[in-house]
Amino acid sequence: MFQIFIKLSWFFKHYWKRYLFAIISLIIASAIGLIPPKLVGTIIDHIQFETLTMQILVAVIIGYFLLLIIHYIISYLWDYTLFGGAVILERWMRSKLMNHFLTMTPTFFSKYRTGDLMARSTNDLKAISQTAGFGVLTLVDSSIFMLMIIAVMGFTINWPLTIAALLPLPVMAIVMNIYGGAIHRRFTEAQAAFGNMNNEVLESIRGIRVTRAFVQEQQEINNFEKMTEKVYQKNLEVAKIDALFEPTMKILVGLSYTIGIGYGAFFVFDNKLTLGDLVTFNVYLGMLIWPMFAVGELINILQRGNASLDRVNHTLAYEADVMDPQIPKNIDRVQTIKFDQISFQYPEASSLQLCNVNLNVKAGQTIGIVGKTGAGKTTLFKLLLRQYPDVQGNILISDEDIEDIPLGKIRDWIGYVPQDQMMFSKTIRENIQFGNPEATDKEIMRVLDLAHFAMDIDVLPKGLDTQVGESGITLSGGQKQRVALARAFIKDPEILILDDSLSAVDGKTEATILSHLKTERRNKTTFIAAHRLSAVSHADHIIVLDHGCVVEEGTHDQLMSQQGWYQGQYQQQQMEDKEV
């Protein structure tokens, strides 16, 4: 149960001064809180024996008031320090998770679903944070404060009465331990169900257009109701155990009260206790309710926190399968790119996606990559971006193995426009500035003109300040592609990769963009993957992929003379364009 404190020892070691101050302040505040009941008992005894004077009464009231002020100040200090530490832990772990996510490759995200990662970044971190805040509070109160109360009750009032009133405690410890194990198991299941529901919600929102197009709203509602019902049932199972804590505590505490009052009255009648002592004892017994209840709360919090920490640590333990080189090579500019006998198979696939691909590229060249759907075009780009390990063959940049070049350097060279354009839920300006945070409005308008989007800006309600919505839902497919192109252009990268990035624009717009592209990137390397062959006809070199293998290559004119797949596909597309 207390393993979570060992697992979080790195944090407590780092902030040991903060937590030491908080715990000492908490103990002092608790000790001060034990004095007022004694003062009340003293006043009652003075009244009973008719020895109360105005001087004694005034002294007690002033002392009581001063204790309240001191208690208030110290309580504020431990509260701020302790729960502030919990907030720091949550922030630290959230940053750690985010940094971890940003270094992960696609294999990680194929294993963990987005909704589950969100649950680990929110609910699980909140449960861990509670351990470092409320968990420490309950630990101190259920141990040190409880022992302090028991010691004061025993040493200043009566040990036999104290021991008798505490007889229910062992039973409480046994019951709470049983409850704690059940809570840990059920809470883990509930968090997993919550993560799945999160993922379902995210997918439903992202696919709302498809859902409406296929009239599947009711099906989505039914699926979501099933997911929420499962989450409800899992949390209900947690709540069933949770609900047993308080009544169990009340029964055991009530039993302690019964023993304290009944047995205490016997001592009063036997003149072994004063009436003031009995009242003080029962006040202390009342104060003991929270520490006794804190035992149950502590077990509950620690089990929840432990389950959540295990989930988060399991995520953080996943090591990136693509790492920076231990001895990086320093390359200033990309002179050449060489794919040498490249073969690759995805971890979850049963066959090769690329097979003995060879390609030599000089700086400033435009390379066209075409082929049927699933031929391996996107895979080739992913390998150039170093998104996957275990590549057979070598990719060389300026005659240096790509694995010897820092990841940051490689990706800094590259501007990538993928098939599925990712738009952030921000303005158009902010989406484009993602490629260059320092870009001015003048520079943004220039790249929008290159991407043939300048006219669209004029008709949008707020121009550059127009919000694009979740994943760019307010923009059409062609508009999203052109904003994504502008985002890559603003970076002005050494290597530009366009992965079927013109598929949603018409032929005239495509021709305009390509014309701008040829002018702007005259001395820089560009890779273009496309299904519409007109997009690559101007390229310096074109390769045709089929089932991951290069089956044709050359310039447009050379490929047209080979009478292969390229020639047939190009002629067919030209005929279709004429018919349109």
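Along the chain as shown, the residues are counted starting at 1.
Glycine is no exception: its Cβ is also placed from the backbone N, Cα and C atoms.
Look at TrEMBL and you will find 20-44, 56-77, 134-155, 161-179, 251-269, 281-302 tagged as transmembrane segment. Residues or ranges marked as domain 'ABC transmembrane type-1' by TrEMBL: 20-304. TrEMBL lists 337-572 with the feature domain 'ABC transporter'.
Remote same-chain residues near the transmembrane segment (20-44) are listed as 52, 56-57, 60, 63-64, 67, 70-71, 74-75, 77-78, 81-82, 85, 136-137, 140-141, 144-145, 148-149, 152, 156, 274-277, 279-280, 283-284, 287 (criterion: CB distance under 8 Å, separation of at least six residues from the stretch ends). For the transmembrane segment (134-155), the neighbouring stretch richest in Cβ pairs under 8 Å, chosen from 56-77, 161-179, 251-269, 281-302, is 281-302.
Averaged over the domain 'ABC transporter' (337-572), the predicted model reaches a pLDDT of 87.
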